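Visitor: The structure's right below; bear with me while I get my questions together.
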Amino acid sequence: MSDGIKMNGRTRSKRFWIILVSVIIGVPVFVILVLLMVILIKAAVISTPQCNIGILNNANTAGVADDNILARAERLAGALRIETVSYDANNQNKSEFVVLRNYLETSFPLIHASDFVERHIVNDYSLLYKVSGSEPGKLPYLLTSHMDVVPAPPANWKYPPFGGNIVDGEIWGRGAIDDKGGVMAIMEALEYWLSQGARPKRTFYIGFGHDEEIGGHRGAFHIAIKLKSLGVNKLDFVMDEGLFITDKILPGVSKRAALIGVSEKGYLDLKLEVTGKLQHASYPPNESPIGILGRAVGKIEQRKQPVYFGTGPEADTFHYVASSTDYGIRIFYANMWIFGSLMASFMVKDPLQSTVVRTSTGLTMFNSGIKDNIIPEVATALVNHRVHPGQTIEQVIQEDRISISDGKVKISVESRIDPHPVSPFGPDALVFQTISTSVYQTYDNIVVAPCVFIAATDTVHYLEFSNKVYRFFPTKVTPDDVSRYHGDNERIAIEDYKLMVDFYFRFMQNSDLVFDLAPDDEQPVLTRSQNEDEL
Ligand SMILES: *[C@@H]1O[C@H](CO)[C@@H](O)[C@H](O)[C@H]1NC(C)=O
Ligand SMILES: [Zn+2]
């Protein structure tokens with residue numbers, strides 16, 4: 001009996017240990033298995049969010065007819081021959097903009113003769129076209145591009161940058177993809193529409209600034225003022241240049257991806273200043289302004305701004321393209337909630353990808369010194385940050401303060417633009433889906449995704465008109481093409497340019513198609529100023 005009891009006790013304690021050990025091992029194994037299952041299932045079922053707007057899903061909007069491709073290519077080439085270069089703020093040959101304006105006039109006779117299209121010359125060189133729709137009552141929208149280009153030193157160009165050559169099916173010249181291609185394609189689309197005897201239902205504006213590459217202060221800024229003087233205080237949406245149709249740029253994505261910029265990084269110039277005492281170099285202080293400042297900028301550059309990957313729309317970029325990747329990569333793209341920081345740690349190693357995951361830090365200017373044997377009194381430096389939409393400008397400055405950790409370095413703001421608000425996207429976002437539909441109608445084997453635009457556009461001058469601002473340049477760009485932006489050998493294939501015109505034509509028509517769903521224009525009609533005009 002007693003033996004039996006002993007045995008029983010031993011069995012019981014044995015059982016206890018077995019249970020304990022299986023719990024210690026089993027629970028984590030179970031959790032890991034469940035987690036693994038969730039990760040694999042998520043990757044298996046993830047899909048690109050689809051459009052919920054029936055009228056767009058059923059749309060069968062036509063592109064332009066093919067018969068005039070070469071004439072259109074030739075017209076773009078002609079525009080590329082006009083040297084509308086922005087060298088810097090006070091250095092543009094303004095006559096060239098007049099040449100381009102006249103060129104648009106002769107190239108697009110129907111637009112310029114139309115009873116319902118008005119052209120306004122804004123601040124002498126920018127252009128604003130008003131296309132009055134046949135049906136009032138809806139908020140108008142704005143399409144924009146810019147007429148100026150960055151300089152193009154010709155040394156490494158295969159064909160002259162302002163030659164406007166068409167070779168082997170490609171149109172060569174500065175501005176082909178940034179951004180005269182946009183100017184000309186928008187005009188071609190409208191001209192074609194008018195040639196069919198059509199009149200848009202919705203009123204819209206077309207704005208072409210003449211100084212986007214140097215800030216838009218003389219162009220887009222004044223177009224915004226002009227809009228207000230025409231009684232337009234609100235726009236349904238703004239669509240400007242931006243990212244493009246990436247081809248083999250997003251890792252693992254088998255389709256082309258049309259990236260629609262729904263936000264734009266902010267811009268911050270900080271001035272760092274250290275003041276000391278003017279002293280002879282033969283008895284230098286322990287710490288000079290140059291030494292202190294040099295250490296400070298070194299620390300800012302080395303520590304960098306924190307990673308904000310996944311707090312902005314870039315996480316959605318991966319969600320939208322995930323179903324166009326192999327299952328292996330999809331496991332990562334579909335599970336940003338767990339792999340986001342791992343992906344970020346890879347992305348920060350690549351300078352270009354790094355710009356997507358955090359606020360960038362560029363040391364741009366460093367000034368000090370007056371003579372070789374004098375310790376100067378002051379040293380200053382400029383730091384240029386492009387601010388991630390997940391961060392505020394105040395947070396960026398605070399991070400720099402922490403990096404520097406030195407009260408002797410005075411930080412002041414030289415210029416700032418907050419990150420742009422994130423424009424609506426997703427299945428029910430009318431404008432985003434109008435853009436997407438126009439892309440899907442125009443291009444095969446493609447996926448549309450929202451993204452953050454890392455450079456700057458003229459849209460900053462239009463933000464007050466609408467919370468729906470999109471940045472998209474509807475043409476294909478391969479890794480090889482990226483360096484042509486502001487670089488050598490800029491060009492566009494005739495076939496791609498044709499698709500751009502198709503896209504804009506479809507986009508204008510689709511914007512009419514959703515007329516009933518578009519927001520109403522509740523602004524009072526400006527009868528008084530009309531009377532004043534008559535007087
Ligand atoms: C400015 O542009 C006009 C018009 O094309 C041209 O005639 C003139 O030579 C240009 N001026 C300079 C300084 O390049
Ligand atoms: Zn541009």
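Counting starts with 1 at the first residue shown.
Cβ from N, Cα, C; glycine included.
All TrEMBL annotations are machine predictions without curation.
According to TrEMBL:
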ACT_SITE  ASP148  active site
ACT_SITE  GLU212  active site, proton acceptor
BINDING   HIS146, ASP178, ASP240  Zn(2+) 2 binding site
BINDING   ASP178, GLU213, HIS486  Zn(2+) 1 binding site
DOMAIN    263-399  domain 'Peptidase M20 dimerisation'
TRANSMEM  16-41  transmembrane segment
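Walk me through the surroundings of each of these features.
Guide: ASP148 (active site) falls within neither a helix nor a strand when secondary structure is assigned with DSSP, and so counts as coil. Spatially close to ASP148 (active site) yet at least six residues away along the chain are THR84, VAL85, SER86, GLN92, PHE97, GLY209, HIS210, ASP211, GLU212, GLU213, ILE214, GLY219, judged by Cβ distances under 8 angstroms.
In the three-state DSSP reading, GLU212 (active site, proton acceptor) counts as helix.
For the recorded site, ASP178 (Zn(2+) 2 binding site), the DSSP three-state label reads coil.
Cβ contacts within 10 Å of HIS486 (Zn(2+) 1 binding site), excluding its own Cβ and spanning all protein chains shown: 14. Secondary structure from DSSP puts HIS486 (Zn(2+) 1 binding site) in coil.
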Visitor: Please count the residues of the domain 'Peptidase M20 dimerisation' (263-399) that DSSP assigns to helix (H, G, I), strand (E, B) and coil.
Guide: 59 helix, 38 strand, 40 coil
Visitor: From ASP148, ASP178, ASP240, which recorded positions have a C-beta atom under 6 Å away from some atom of ligand 2?
Guide: ASP178
Visitor: Give residue numbers and ranges for long-range contacts of the transmembrane segment (16-41): same chain, 6 or more residues beyond its ends, CB-CB under 8 A.
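Guide: That would be 331, 334-335, 338.
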Visitor: How many other Cβ atoms sit within 10 Å of the Cβ of GLU212 (active site, proton acceptor)?
Guide: 28
Visitor: Would you find the one among the binding-site residues ASP178, GLU213, ASP240 whose Cβ has the most company, meaning other Cβ atoms within 10 Å?
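Guide: Buried the deepest by this measure is ASP240.
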